[in-house]
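Enquirer: This structure is in C-alpha cells; I'll ask about it shortly.
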Amino acid sequence: MQVFTGTDKVKRGLAQMLKGGVIMDVTNAEQAEIAEEAGAVAVMALERVPADIRAQGGVARMADPKKIKEIMSAVSIPVMAKVRIGHFVEAQILEALGVDFIDESEVLTPADEKYHINKHLFKVPFVCGARDLGEALRRIAEGAAMIRTKGEAGTGNVVEAVRHMRQIMDEIRALALLPDEELVAKAKELGAPLELVIETKKLGRLPVVNFAAGGIATPADAALMMHLGADGVFVGSGIFKSKDPRKRARAIVLAVTYYDDPYVLAEISEDLGEPMPGIDVRKLSETELLQVRGW
C-alpha cells in the first residue's frame, strides 16, 4: 500500500515515535550534541531559551535559519523549531529548511491574534500547546500532530504544567462518562469538531501524543508529569540554565524512563548541582504570562 507523506496519519505516526522520550531546547550545536549524548529523542532549536526570552523581553521570533542548519548538521536525532502563533511564513521557511517538526509556540511573540496556522497545508508535523481539552482539540482540528501542555515556560516551576495536564486528563475522563446524546452540545462547548470529541471519548485519550512542557526543571518534575499521563516531556530552560547541564540532561532522560521507580529516581537525582533559579508563578502579572497566548 502506498503511503503519502504529509497526511495526518503519517504526521501523527512520526510524533508517536517520540513517545516516552525527552525533547530538549537548545540554542547552538554544542548544546544539541549534549542533548543527543544524554539520550534526548529530539531537540528544539531556538534563538533564546524561554528564561532568557522572559528576562530580556522584546519580540521573540523564529531562530536564524543559519543557527537551525548548524544544529541540524550537528545531530542525528529529529530537530524541531518554533514559529510565532499564526505566522505561516515562518513555518514555510522552516519546512523549506527541512526541520522535522514545527512548534507553533506561545513562547514566541504571537504574530496573529485572530488565527492559528492552518497546519493541514504543511507536510511537516506540528506541535502545539494547550491548557485544556477544548484548546487541544482545536489545535488538532487545525492539523497539529502533537500536543504539549503550555505550563509556564521559563519559570522552572512545574505547577502550571501540572494544572494543565490534570485539566486535560480530567476532562477526558468526564467525556468518557458522557452519554452519546450529549456529545454535540459538548463539542459546541469545547469549540471543537464533533468527530474529534467522539474519537477522544472512544480512545479515552487525545487522538495524538500529549507531552508535558513548561517549568520542568528536575528529574522529579519529569517523573511527576509521566505519572499524570504525559507521553513524554519537553525541557526548556531547566537544563542549560542549571549548573551541570550534561548531568541534569541525562538524569531527566532516565527519570522519564524510570518514572515509576523511586529508588532509581533517588539515585539519579543525587549531586546534580544547582537547578535553574525558579520563579513563583503567582507573582507574575497577567501580561507576563506566556500561557494565555493563543485561544
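Here, residue 1 is simply the first one shown, and the rest follow in order.
Glycine too: its Cβ is placed from the backbone N, Cα and C atoms.
The active site, schiff-base intermediate with D-ribose 5-phosphate annotation in Swiss-Prot covers K82. The D-ribose 5-phosphate binding site feature in Swiss-Prot is assigned to D25, G154, G215, G236, S237; the stated evidence is sequence analysis. The annotation D-glyceraldehyde 3-phosphate binding site is assigned in Swiss-Prot to R166 on the grounds of sequence analysis.
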Enquirer: Just to verify a number: CA distance, D25 (D-ribose 5-phosphate binding site) to R166 (D-glyceraldehyde 3-phosphate binding site), in angstrom, no decimals.
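Expert: Between the Cα atoms of D25 (D-ribose 5-phosphate binding site) and R166 (D-glyceraldehyde 3-phosphate binding site), the distance comes to 24 Å.
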Enquirer: List the Cα distance (Å, whole number) between R166 (D-glyceraldehyde 3-phosphate binding site) and K82 (active site, schiff-base intermediate with D-ribose 5-phosphate).
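Expert: The Cα atom of R166 (D-glyceraldehyde 3-phosphate binding site) is 25 Å away from the Cα atom of K82 (active site, schiff-base intermediate with D-ribose 5-phosphate).
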Enquirer: Near D25 (D-ribose 5-phosphate binding site), how many other Cβ atoms are within 10 Å of its Cβ?
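Expert: Cβ-Cβ neighbours of D25 (D-ribose 5-phosphate binding site) within 10 Å number 28.
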Enquirer: Distance between S237 (D-ribose 5-phosphate binding site) and the residue listed as 'active site, schiff-base intermediate with D-ribose 5-phosphate' at the Cα atoms, whole Å?
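Expert: Answer for this pair: 15 Å between alpha carbons.
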Enquirer: Per DSSP, to which secondary structure element type does G236 (D-ribose 5-phosphate binding site) belong, with helix, strand and coil as the options?
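Expert: The three-state answer is coil.
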Enquirer: In three-state terms from DSSP, label G215 (D-ribose 5-phosphate binding site) for me.
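Expert: In the DSSP reduction, G215 (D-ribose 5-phosphate binding site) maps to coil.
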